[in-house]
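Notes for the one structure printed next.
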Amino acid sequence: MRRILLTAAASLALMTAATAQTAKVSVTAIVEHPALDAVRDGVRDGLEEAGYKAGDNLEFTYESAQGNPATAAQIAREFVGNSPDVIVPISTPSAQAAAAATRDIPIVFSAVTDPVAAGLVASNEAPGGNVTGVSDLSPIAEHVALVKEVAPEAEAVGFIYNPGEANSVVLLEYFREAAEKEGLSVVEAAANKSADVQAAARSLVGKAQAIYVPTDNTIVSALESLVAVAEENDLPLISGDTDSVERGALASVGFNYYEVGKQTAEVVLRVLKGENPGEIPVTFATGTDLVVNRKAAEAMGVTLPQAMIERASKVIE
Amino acid sequence: MSAIAFWGAVELGLIYGFVAVGVYLAFRVLDFPDLTVDGSFPLGAAIAAVTITAGWDPWLACLLAAFGGAACGIVTAFLNVRFGILNLLASILTMIALFSVNLRVMGRPNMAVFNRETVITPFYDLGLPDHVVRPLVLSVLVLVTVLVLARFLASDFGLAMRAAGANQRMARANGVDVGRQIYAGMAISNALTGIGGALFAQVAGFADVTSGVGTIVVGLAAVIVGETLFRTRALFIALLACVIGSVIYRVAVQLALSADFLFLRASDLNLVTAVLVALALILPRLRSRKVVAQ
């Protein structure tokens, strides 16, 4: 045991000595998961592009909490004890554990949907304290832009959702705000269960010239009935997630989580240069993956602009 | 391992010490394999998160969490005693139901509790570093709990409970209402777990519906490690051993997390747990074999 302790003390001393020249970035995620792993890789590569090479002048550590919040709390303490320059927690529980563990070490979270509701920041514009980061809130503004692009003449867009899903209610507010900026009015259609989706979609016919379906579990589970209504009535259907495009929605913009990681790295770099995290507004991840469905477009009476097809990272025929 | 990490492990170990003592009560005293704790732990956390963010007193939050946990235990006991559902299955039913209940309690899967008044915050002014204050306060809480519980188990009612767990038939023959003992024991066991959950939410800074997964394994590991280290018939020591076992477990986890220590990584955690519990189970056998050989 004594030898173990000595080794631990020695390695600790070494680590402390090394801090003088190298940047120390500690990354943690609640669980190993393709999207979260992609964020981690994005952070590491983003830092490397800026000249911080892992193992060279960057001490990059990563721990996964194996889906266990108690372990997340321990990892947070472990990181705080090693006093890195920046802690990068990926996902909400990891970010909360880190934020609870230190009030001094800068924290740049990533892939947190609603940082204010998670209690991480006072507001997205002025986070305050030692915490800022990147939110992966659905890129609503880009979805509205898509609606404008495929249906330039549209005056009203239908928003179909389940009012019982808290997330959808939040998205509706964001969507309304973004749509009104673009001069679009929003028509709501509510479905409390998947069996009601078709009726709700029909209620939009004649009132809206396009339909938007957010990442609403109820609606998305009955997407096919919504697609049928959209095709019958030539209403372009834009979805909040890219998977729905493969199931018959016309188009969507989604995240590439690797890019979200790179966007996070940019914020980390600002902190490494000495900026106060509390003064850096929360960044909203920009959607980078455009997916379009050419067959669905045809069925919905839309000719996809050539520019859009060229821009798309995936075209479903 | 840095001092902060070490004290962080002690702190979590003490919190899970409540769970360990509760598991000891169910498994060892009542002989009732109870998985309800996987649900009552996050329920305690959820109740604390909701009440504390609503501005209620954190001590009251802990008390309510204890009541919430006790209710869970009573449900499990009810299914078992009243309807004769196998004890393990009864507890699994309650545990599964609690996942939905916890979502209802919080209204969402995750809730933040940091920057709020907790049972710890008043002690930050003592002039000690924060990471020392937390385990200090928690150790006082856990010690008081262990003392009270040891006293309880030595009372007439507590003795009846131990008899009910040790030998139901004998207990019944001596006029012990075994059903009532199971109700009481399960309520206390899960009340302790609920308090553990409430403290976890306050110290870790959040309540999450997933935080209950594996609570029973951690509690059991603590009980077994404690039993292996302190082979005693004295109740107070046996209960204290559970808490110490819990702390040792967390320190072991922390060692696994410490950068490259012994080539272990966080992902090896489950393996470490399994090895730890297995070792604790094997060691006493080796010891008794030695005794036989002599």
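Any Cβ shown, glycine's included, is placed from N, Cα and C.
Because the structure is a prediction, the values reported are computed rather than measured.
What TrEMBL says about this one:
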{"type": "TRANSMEM", "residues": "B:6-27", "note": "transmembrane segment"}
{"type": "TRANSMEM", "residues": "B:58-79", "note": "transmembrane segment"}
{"type": "TRANSMEM", "residues": "B:86-105", "note": "transmembrane segment"}
{"type": "TRANSMEM", "residues": "B:136-161", "note": "transmembrane segment"}
{"type": "TRANSMEM", "residues": "B:182-203", "note": "transmembrane segment"}
{"type": "TRANSMEM", "residues": "B:209-230", "note": "transmembrane segment"}
{"type": "TRANSMEM", "residues": "B:237-257", "note": "transmembrane segment"}
{"type": "TRANSMEM", "residues": "B:269-286", "note": "transmembrane segment"}
Segment-segment contact (the transmembrane segment (B:209-230); the transmembrane segment (B:6-27)) at 3 or more Cβ pairs under 8 Å: yes
Residues from the same chain, set at least six apart from the ends of the transmembrane segment (B:237-257), whose C-beta lies under 8 A from its own: 1, 5-6, 8-10, 12-14, 16-17, 19-21, 23-24, 142, 146, 149-150, 218-219, 221-230, 264-266, 268-269, 272-273, 276
Considering the transmembrane segment (B:86-105), which listed stretch of B:58-79, B:136-161, B:182-203 counts the most C-beta pairs under 8 Å: B:58-79
